[in-house]
Amino acid sequence: MSANLKYVSLGILVFQTTSLVLTMRYSRTLKEEGPRYLSSTAVVVAELLKIMACILLVYKDSKCSLRALNRVLHDEILNKPMETLKLAIPSGIYTLQNNLLYVALSNLDAATYQVTYQLKILTTALFSVSMLSKKLGVYQWLSLVILMTGVAFVQWPSDSQLDSKELSAGSQFVGLMAVLTACFSSGFAGVYFEKILKETKQSVWIRNIQLGFFGSIFGLMGVYIYDGELVSKNGFFQGYNRLTWIVVVLQALGGLVIAAVIKYADNILKGFATSLSIILSTLISYFWLQDFVPTRVSLCRQAGVLWRDLGLLQPPTPWFKGFSCLSL
Ligand code: C5P
């Protein structure tokens, strides 16, 4: 049962990340009239949707009884303030991370940003080893390095894609520091959340409500600081259209799926799944943009084969064998 949940959650993560990347790319090419939506408000809306979805899931787990739901929420969240407060740490770090990535993108070109951010595959492994006492063999480390290189290559722009953004050395340094710090925060927050999920008995959905609660508070602070004036002038939902809602729902779904993946698989496999979705979205956009270099994808596949052959603890389900990079 739990092995099934592991592969199902990893599969949904690949689907969710791929559709989010493609929808965001598509939304950027659309010409819209009127004001654009504010990303700071989209973060808050996604957190609120995530909380609502988790409450529904807890309701289902409470045999659809409102009274039982009320009791669980009271007992597990309100009456355990110290347990709830634990989630302020990853939530605060994720908020900081989202801001760091914004600083990085403003000071680096998109390609350097994307390629450097892949270092989070290694920082996640480092934190998994130090905080969760996971053991990785030499070939598993090697496979992570190959995966990181492969994904970096997949994202490397072709000459025609290189933009001629002029950036000073100082600004590049700030951008690089921001993205490197985000690599560490991504590894730490993910593994910290995994430690909480695996070392305590509370359900993953309760944990996600706690995470979303702090996420909404930090997010609202972000709206006030960055876009307070615009919101008071044009409203919270300015510029929202059907596509914005699709992106927001996909983002909320991402939070749910990431939590399930961390619970039933782990952060390292999450890295493999998101890498697979980077390759998938590259493949899909190849059919539209005719821009794709197969050797780069082979590198990622090689990483997956190495990981599977040397780290195999339990046989993968037969239909999953094709996706060798997910079959630890
Ligand atoms: O780049 P990285 O994989 O660290 O990004 C993880 C993202 O997933 C963050 O933006 C974080 O807000 C989100 N997340 C979530 N719910 C969780 C865990 C992570 O929304 N339970």
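In case you wondered, yes, glycine gets a Cβ from its N, Cα and C as well.
TrEMBL does not curate its annotations; it predicts them automatically.
These come from TrEMBL:
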type: TRANSMEM; residues: 7-26; note: transmembrane segment
type: TRANSMEM; residues: 38-59; note: transmembrane segment
type: TRANSMEM; residues: 136-154; note: transmembrane segment
type: TRANSMEM; residues: 174-193; note: transmembrane segment
type: TRANSMEM; residues: 205-225; note: transmembrane segment
type: TRANSMEM; residues: 245-265; note: transmembrane segment
type: TRANSMEM; residues: 272-289; note: transmembrane segment
Have the transmembrane segment (38-59) and the transmembrane segment (245-265) got at least three CB pairs under 8 Å, pairs 6 or more apart in sequence? yes
Take a look at 136-154, 174-193, 205-225, 245-265 and tell me which one has the most Cβ pairs under 8 Å to the transmembrane segment (7-26). 245-265
The transmembrane segment (174-193): which same-chain residues, six or more beyond its ends, come within Cβ distance under 8 Å? 89-90, 93-94, 96-97, 100-101, 103-108, 112-113, 116-117, 119-120, 123-128, 131-132, 167, 207, 211, 259, 262, 267, 270
